[in-house]
Amino acid sequence: MQADADTTAYETSVPECVPSICDAVTRTLDGVDLRRLAEQVPTPFYAYSVQAIRTRIASLQNAFRGLDVRICYAVKANSNLAILQLIAQHGVGADIVSHGEMQRSLKAGIPAERIVFSGVGKTADEIDTALVAGVWRFNVESADELHLLQRVAQSRGVCARAAVRINPDVDARTHAKISTGKAENKFGVSIDEARRWFAESASLDHVQLDGLHAHIGSQILDLEPFRTALQRVEAFRRELVEAGHPVASVDIGGGLGVVYRRGIDTPVDIADYASLVRETFAGFKGTLAVEPGRWLVAEAGVLVTRAIRVKQGADRHFLVVDAAMNDLLRPSLYEAWHEIVPLHGRDEANVAYDVVGPVCETGDTFAQRRVMPRCEAGDVLMIEGAGAYGASMGSTYNSRPLPPEVLLDDGRYAIIRRRQTLAEMMAGEQFPQAWHDT
Ligand SMILES: Cc1ncc(COP(=O)(O)O)c(C=O)c1O
Ligand SMILES: N[C@@H](CCCC[NH3+])C(=O)O
């Protein structure tokens, strides 16, 4: 294959000055040589740096030091039990959106009293099991859910702690599919509606409605939307207190963005974010909660893949790798950028590749016309920024088993999910045993 002489029309290569999470010379992540790892673990696989996650947790805890704040990790970002255990070991709680996420969190050692339950579609069964488990709070997203919570709590003879999820109608300036705080989004309720809930809360004798919650979206790279949303929440809190409704907790959600495109993405500085929270809620004497997902784990993880072949198209060089959209959906779903770094270490000329997987969809594309050193079959590459919403959004589409996940810590590795077997993938399916009339 010819190297492209002029790549200016193509996607730019990674600026040299911006370091990768993986050491550029040794190709190690958390002291583990990824190429050697790829000889021991079948590709594609996810690898996560314990050190990187610990550093993020510590940064967040430091930024909020002195405040009464509970960090509740958004489990959906990466729900592997080992990741949740790491989270639990640092005293971090969980933000869950399903019974499954609750079970995982409890199993990993996150105490129920550090769990908040969000989501627009909680069922009666989910509410019931969460009440029995004793979760800290329900972030309630509709009047119907509020009344369901009352009924379920009544039937259990308990009182449920609840916060109303406010939809502050703020544009988070992120991808439309992951924006959650605009009036047209399905999440939360307007301040007008929340005001009515508090006015009528005395009639709900099995719900203690004394919390506020807001989460305006994900991968937010700008402090201003947070400022606007939090100011609206705080103004409403003051109004409630004046009206005689004490507010014990304010949960400010997650949403902090990370670097996917090195040298281009400029995330909010965590100290600035914490200062904003301190200033906005300076007059609040209750408990704050924050629900970061992506920020804690995204940049700690890579998807390691191997080139299957190089294919020459009519006007494209296709680099076909063994990872696919079922393993990492973000590029297909959001046209998300992820850095792709060949780890072969050879001094090769640059080529503009369409990096594609084996799945039978044109959307199974990780990058188009991405400029990178020439690769050949068998080369190992890493796809960066894969620690959040990677494995947790995986599927078995095209009957591809779920990939392994590996934890890296100071030169050693541990398998935290082995590759799914074909038998496991087909488990639960059966040929019709009997036909039933409804
Ligand atoms: C209610 C809630 N909290 C927290 C999060 C975590 O978001 P992020 O991973 O962007 O921090 C989400 C997902 O956007 C969410 O829906
Ligand atoms: N899955 C999304 C984030 C969704 C956030 C959940 N509310 C992503 O990969 O960016």
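Note that Cβ sites are derived from N, Cα and C of the backbone, with glycine treated the same way.
Listed in TrEMBL:
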DOMAIN    52-298  domain 'Orn/DAP/Arg decarboxylase 2 N-terminal'
MOD_RES   LYS76  N6-(pyridoxal phosphate)lysine
BINDING   GLY255, GLU291, PRO292, GLY293, ARG294, TYR389  pyridoxal 5'-phosphate binding site
BINDING   ARG294, ARG330, TYR334, GLU361, TYR389  substrate binding site
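Feature map: annotations from TrEMBL on the structure.
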residue : record                              : Cβ contacts under 8 Å, 6 or more apart
LYS76   : N6-(pyridoxal phosphate)lysine      : VAL97, GLU101, GLY293, TYR389, SER392
GLY255  : pyridoxal 5'-phosphate binding site : ALA172, THR174, HIS215, ILE216, GLY217, SER218, GLN219, ILE220, PHE226, PRO292
GLU291  : pyridoxal 5'-phosphate binding site : CYS72, TYR73, ALA74, ASP95, VAL116, SER118, HIS215, ASP251, ILE252, GLY253, GLY254
ARG294  : pyridoxal 5'-phosphate binding site : ALA74, ALA77, SER218, GLN219, GLY254, LEU256, GLY257, VAL258, ALA388, TYR389
ARG330  : substrate binding site              : ALA336, HIS338, TYR389, GLY390, MET393
TYR334  : substrate binding site              : HIS175, LYS177, ILE178
GLU361  : substrate binding site              : MET325, SER332
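As a whole number, the greatest separation of Cα atoms within the substrate-binding residue list ARG294, ARG330, TYR334, GLU361, TYR389 is 27 Å.
Mean model confidence for the domain 'Orn/DAP/Arg decarboxylase 2 N-terminal' (52-298) is a pLDDT of 97. Highlighted here are the binding-site residues (GLU291, PRO292, GLY293, ARG294, ARG330, TYR334) whose C-beta falls below 6 Å from ligand 1: GLU291, PRO292, GLY293, ARG294, in sequence order. Close contacts with ligand 2, defined as a Cβ under 6 Å from any of its atoms, occur at none of the binding-site residues GLU291, PRO292, ARG294. Counting every protein chain shown, the number of other Cβ atoms lying within 10 Å of the Cβ of GLY293 (pyridoxal 5'-phosphate binding site) is 23. Same-chain residues with CB within 8 A of the center of the GLY255, GLU291, PRO292, GLY293, ARG294, TYR389 CB atoms, the pyridoxal 5'-phosphate site residues themselves not counted, are ALA74, ALA77, SER218, GLY254, LEU256, TRP295, LEU296, ALA388.
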